[in-house]
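Structure first, commentary second.
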Amino acid sequence: MRSPHAFRNGESPTLRDHTHFHSTVTAQKLRRFNSLILLLRLASFSFSLASAVFMLTNSRGSASPHWYDFDAFRFVFVANAIVALYSVFEMGTCVWEFSRETTLWPEAFQVWFDFGHDQVFSYLLLSAGSAAAALARTMRGGDTCTANKAFCLQSDVAIGLGFAAFLFLAFSSCFSGFRVACFLITGSRFHLYS
């Protein structure tokens, strides 16, 4: 039986054969870094879920306008609901990484998946919030907000919560980008100083 450490004919170890050594200080820094990412994802989830709920419950009766009558408000609801689901999934992968000390998928796929989806969903929230803010401003100039102040106020709150979710997801995207850069430079998602 061949020894797992004996390489023949100039073979080199693959990334799977390569284990990363981390000192206690480095392990603590990695734990703090992963905790910060988990906290950002939790904040993104909270704000996007709150925005979706505020938009979903924004109806005052049959005489009042409904959120689903406006394309931009439907966009805000759907975008924030998608980001809330994505954030729950990403929080699960963070917890998996804490408990198992490995990624859910192969490392190369995981870092690119996180970064790419953080980018796409950040832009989705930004575009939904921008479209809804423009509509809310237009409505404020017309008769809609003078007759239905509560509807406009709740729409503004939902839009603001969506922008807050965007900010936290954008910060999370920066950390995911840092992981991609570390992966490209060192072959691992771990920090450059490990």
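Keep in mind that glycine also has a Cβ here, set from the backbone N, Cα and C atoms.
The model shown is predicted, which means the values in this text are computed figures rather than measured ones.
The topological domain 'Cytoplasmic' annotation in Swiss-Prot covers 1-35, 96-114, 179-194. What Swiss-Prot records for 36-56, 75-95, 115-135, 158-178 is transmembrane segment, and it gives sequence analysis as the kind of evidence. The topological domain 'Extracellular' feature in Swiss-Prot is assigned to 57-74, 136-157.
Outside the topological domain 'Cytoplasmic' (96-114) by six or more residues, the chain places 15, 31, 34, 38, 90, 176, 179-180, 183, 188-189 with a CB less than 8 A from a CB of the stretch. Confidence across the topological domain 'Cytoplasmic' (1-35), taken as the mean pLDDT and rounded to a whole number, stands at 62.
Within its own chain, the topological domain 'Extracellular' (136-157) is flanked in space by residues 54-55, 57-58, 60, 64-65, 67, 73, which lie at least six positions past its ends and keep a Cβ under 8 Å from the stretch. Among residues of the same chain six or more beyond the topological domain 'Extracellular' (57-74), those with a C-beta under 8 A of the stretch's C-beta atoms are 128, 131-132, 134-135, 144, 148, 150-151, 154-155, 158.
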